[in-house]
Amino acid sequence: MSACGPVLGLLLLLLCPAQVSGRRRPGQAVGDVVFSQSCVWYGECGIASGDKRYNCRYSGLPKPLPEDGYDLVLELCPAFFFGNVSLCCDVQQLRTLKDKLQLPLQFLSRCPSCFYNLVNLFCELTCSPRQSQFLNVTAMEDYVDPVTNQTKTNVKELQYYIGESFANAMYNACRDVEAPSSNEKALGLLCGKEAEACNATNWIEYMFNKNNGQAPFTITPIFSDLPAHEMEPMNNATKGCDESVDEVTGPCSCQDCSIVCGPKPQPPAPPVPWRILGLDAMYVIMWSTYMGFLLVFFGAFFAVWCYRKRYFVSEYTPIDGNIAFSVNASDKGGPSCCDSLGAAFEARLQRLFAQWGLFCVRHPGCIVFFSVAFITACSSGLVFVQVTTDPVDLWSAPGSQARREKEYFDTHFGPFFRTEQLIIQAPLTQPHMYHPYPSGAGVPFGPPLAIDILHQVLDLQTAIENITASYNNKTVTLQDICLAPLSPYNKNCTIMSVLNYFQNSHSVLDHKVGDDFYVYADYHTHFLYCVRAPASLNDTSLLHDPCLGTFGGPVFPWLVLGGYDDENYNNATALVITFPVNNYCNDTEKLQRAQAWEREFINFVKNYKNPNLTVSFKAERSIEDEVNRESQSDIFTVLISYGIMFLYISIALGHIKSCSRFLVDSKISLGIAGILIVLSSVACSLGIFSYIGIPFTLIVIEVIPFLVLAVGVDNIFILVQTYQRDERLQGETLDQQVGRVLGEVAPSIFLSSFSETVAFFLGGLSVMPAVHTFSLFAGLAVLIDFLLQITCFVSLFGLDIKRQEKNRLDVLCCVGGAADRAGIQASESCLFRFFRDAYAPLLLKDWMRPIVVAVFVGILSFSIAVLNKVEIGLDQSLSMPDDSYMTDYFQSLSRYLHAGPPVYFVVKGGHDYVSLKGQNMVCGGLGCNNDSLVQQIFTAAQLDNYTRIGFAPSSWIDDYFDWVKPQSSCCRLYNSTDWFCNASVVDPACVRCRPLTPEGKQRPQGADFMRFLPMFLSDNPNPKCGKGGHAAYSAAVNILGNGTGIGATYFMTYHTVLKTSADFIDAMEKARLIAGNITRTMGLEGSDRHVFPYSVFYVFYEQYLTMIHDTIFNLGVSLGAIFLVTVVLLGCELWSAVIMCITIAMILVNMFGVMWLWGISLNAVSLVNLVMSCGISVEFCSHITRAFTVSTKGSRMERAEEALSHMGSSVFSGITLTKFGGIMVLAFAKSQIFQIFYFRMYLAMVLLGATHGLIFLPVLLSYIGPSINKAKSLAAQERYRGTEREKLLNF
């Protein structure tokens, strides 16, 4: 960043001393009467202060200028170069004038007409041959020249009559000029106050005020267009910023002259909310649709009721689809081709699984051995486990646009620095009032800007600088890892702190100028100046202290102060201190050194105690550390959750007939075995992918056990409870019975498991890393769980039945228990009897079913209405534990932050910067295109509320053009070696880089451009040249190795304050929109050399740009997979698959309704849960659906009742009750992310799955379920002919 430097006061050409003689006025004590064509001064006299001199009084005619001053006159005041060049100044005064115009030249010459008017003001003051017309000397003193011993007269005070029209025109030409390196208006650096508060009169008054530290004596400007007090105001012709100064230069650029731009651009109107009758359109549409549905549905219901009453004997005949739609009219025919195919496939599956069950029960040792061997082999892969904790890898796909752009930026400019930050408040300190000397309104200062607080904060800052850490037995200090932009010339660390205005020094902070009665200037004065000119090397007050940070760059007030209103920085209620630290993405050793120092930094600030200060803080590693700590802190809660589920499973599997047989009839050991199988399947999945080298994330560990437990436990309950209700047939052995039971239930288990497996594996197509990883691991875990359940668990189940039949105790299987005289008989649990005798008949009553449909369709309508209102994003604070120090930091950040993150507009390598055309495409100054890169970003900054671009960009190419101008003293060479000569070097051998000719004043092109650019990028700012680009731009430009061209470059600015996820997402979208437009206007569309924006947060928030698409894709793929698998495994039962998928889709839509009601945003974590809920919904729906399709009852309602009776209790006990207890424990987790995304979403998915699967689906099947498969019905009658079941089937 460049130094603004001694600012315009320097202009004060006062810097160009000169003495004055004035007209005598009535009562005037000194001065001679002068004539209109005479001077008031000539030459320099005594020393005013420092290196500043008074001018010598002279009241004669102008004197011819010596020839050695002709070049200076032509350069500075060409209008005076006529005749014998008689002026009221000598060569030394011209040299002083040139010297003092250097900084204004660097900041204002980018708009030639502005600088022309300013030079005109000072040329007339310094050298005009008609000075006496508008200059009036009001105070003088005698001076003895020590060389000649002559007595001369110093001009001490002067009145300068300036035309009001001239002053206003000069201000209007300069007010829009930008200072590219500091994102400020140039007048903000040269006016002594904010650019918005600057006007023509206070600007000129500030430049001529002796108190600005630059003027050698006081000049009082008097503004008038009319003659006054016998004086004729200086009212020369001016140039507007839209006018050319000469034939060579053109008007100022749009960026520096709003007149050239035309009207200020207006943002597009915000989208009009979609409303109907003043209400939200979605609400109105869904309410109307719901009312229409109710009208049609109940109309049809009553029509069928009337039809039944008229044509059927009993009005209580069940209303189902068979009657309503006369489906049974076709029952007289034979089975269709699909019916036969489905029945054959079903029979084949049953025989296959029955034979397999028979084998497993007969050879349990072999099966268990190979199962354990398989588990051991797969789980051994965990020794190669890799856990992804890097947030970039967690949330950003390797091939995503943001990831590619980050890698490009890191490669060409280095990775974005790590940040350690403090936000400090002074809660016990009251605001105070500062009263400037000698007069003026009081200025309020916020609590943290009290002098004692600043000293305490400086002590804290210094202590942090002195923190040492140890890594590999080596000491690591901040100096070793910090960002030092001017290194090796200046090794001071970059510290963005208000205390850098005071050079991080207690003595500078205490510096004051005053006497026994008044304080003329102190830290208040310096602060007020520095927040206006942060890059100044001299505050122009009586203190003359620099504002530029010790690291060589400016400290912008919006980065180091917080809690102020508008731009009243003095009202700040918080201080922000930032320590940028070098990042080392590809150097693990250096990265770990930085992390070691950060660890000590965190420990130090955690233990820091000061009753006067409240400190919120964070280090770069803080989020990752706290996420890991959060996971560990909730391990106990999660273990309790799983413990409750395990205990319930172990107890609920058994069917206890009496207290004496509790340990005989219980299934504790079998339940534990089932749980171990579930956990083993998770371990196998992790191990197999670890073998392959695919890392897993914490989400996998937190979510997959819950998912697989739901799937696995449900299957266990179905198998065990079906066996418990089964009666062993006459002559049937145990292994045959278990095989037959497995044949009945395994197709249903296979249907659900395979549907979920395929759905999850297809979910692996997602580009979102979290969803992709979860889907792969979950799909394999569910598949392995199914395989282990139909092998290992079936064998263990057979062994457990044998134990029970031998009346041996559970767990202690060698110990005998009480005998059961009745032997092992089929039994029905209380829950099964409740479902069969009470719940199913009640649910399927004629009056209940319409109510169920109406309620569930109403809930669905509401969920659809709020579907588009679910917020997208993830608040970072939610990922922190409740007791995390980061929670305070996030709150302080939201409350006090006044600047958004930096954003870099990167131009990829290959652009032609050395040609005039290529330069005009990117630059923002004189002659540049009105749609150039810099100009478009500048225009976007004017619409900050829309574009979220907060400031004009820092433009290296514009500052380079200002730096290399021959009028400037910045670019100089040693005439003997052609080596660069810094502006601070005083050496006659140093000559300007380019000649002061019309051609030399043009922008450098070709070889000249490349010759001087490295000098600019290595030049440090100094009082004589504030445009040196080392600190600001050394990393912004890639010069190709041979020095013949330029590679990638960037132009930096800042986003506006971004607080919510929606803000961050919108900022990234708008930045990409701007970059895309720049690419098009530069003609780079479709090429690799395009422009893109980069900010450190883009890789984390890019996922939200496609979140809706990704959600639809993942859930759509899952539903599609479930549909296809269901169609196949149900034997071409197309309509059954449709009904089941409709129910699952309703569950998913209702999940969104719950998310909106409960404040759960849509992000990668919630999307993983939605994909998981799709899988769990299969468990709730597939078993009921399949039981309905295989039922051979006569009507749909009878089949629905049978399906609900037989499968409902197992589903309810296997999933709902198992999960409910475990989920409730998660409500007590410390982590907010557990409370919101796991407790709330898990509870919602279980409750919605249970209600839809056990309430809505049976009712829907009773209305529109598929008709009976005749082939299956005939096969069942044939299979059970002559048995007790034949009576049940015909009942």
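Cβ atoms are placed via backbone N, Cα and C, with glycine included.
Quick look at what TrEMBL annotates:
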- 634-799: domain 'SSD' (DOMAIN)
- 1-22: signal peptide (SIGNAL)
- 281-307: transmembrane segment (TRANSMEM)
- 366-385: transmembrane segment (TRANSMEM)
- 635-656: transmembrane segment (TRANSMEM)
- 668-692: transmembrane segment (TRANSMEM)
- 698-720: transmembrane segment (TRANSMEM)
- 741-762: transmembrane segment (TRANSMEM)
- 774-799: transmembrane segment (TRANSMEM)
- 1112-1130: transmembrane segment (TRANSMEM)
- 1137-1158: transmembrane segment (TRANSMEM)
- 1203-1229: transmembrane segment (TRANSMEM)
- 1241-1264: transmembrane segment (TRANSMEM)
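Counting only same-chain residues 6+ beyond the ends of the transmembrane segment (1112-1130), those with a CB under 8 A from a CB of the stretch are 342, 349, 747, 750-751, 754-756, 758-760, 762-763, 765-766, 771, 775, 1136-1138, 1140-1141, 1144-1145, 1148, 1167, 1170-1171, 1174-1175, 1178, 1182, 1185-1186, 1189. Tertiary neighbourhood of the transmembrane segment (774-799): same-chain residues 353, 356-357, 360-361, 363-364, 367-368, 370-372, 375, 378, 670, 673-674, 677-678, 680-682, 684-686, 688-689, 694, 696-697, 699-700, 703-704, 707-708, 711-712, 715-716, 719-720, 723, 734-735, 738, 742, 746, 749-750, 753-754, 756-764, 766, 1114, 1168, 1171-1172, 1175, selected by CB-CB distance under 8 Å and a gap of 6+ residues from either end. The domain 'SSD' (634-799) scores a mean pLDDT of 81 in the predicted structure. The transmembrane segment (698-720) is in contact with the transmembrane segment (1203-1229), judged by 3+ CB-CB distances under 8 Å for residue pairs 6 or more apart in sequence.
Tertiary neighbourhood of the transmembrane segment (741-762): same-chain residues 346, 349-354, 356-357, 711, 714-715, 718-719, 722-723, 726, 775-776, 778-780, 782-783, 785-786, 789-790, 794, 1117-1122, 1124-1126, 1129-1130, 1171, 1174-1175, 1178-1179, 1182-1183, 1186-1187, 1207, selected by CB-CB distance under 8 Å and a gap of 6+ residues from either end. Between the transmembrane segment (635-656) and the stretches 281-307, 366-385, 1203-1229, 1241-1264, the greatest number of Cβ pairs separated by less than 8 Å involves 1203-1229. Distant neighbours of the transmembrane segment (366-385): 360, 680, 683-691, 693, 695-696, 784, 788, 791-792, 794-796; these residues of the same chain sit at least 6 beyond its ends, with a Cβ under 8 Å from one of its Cβ atoms.
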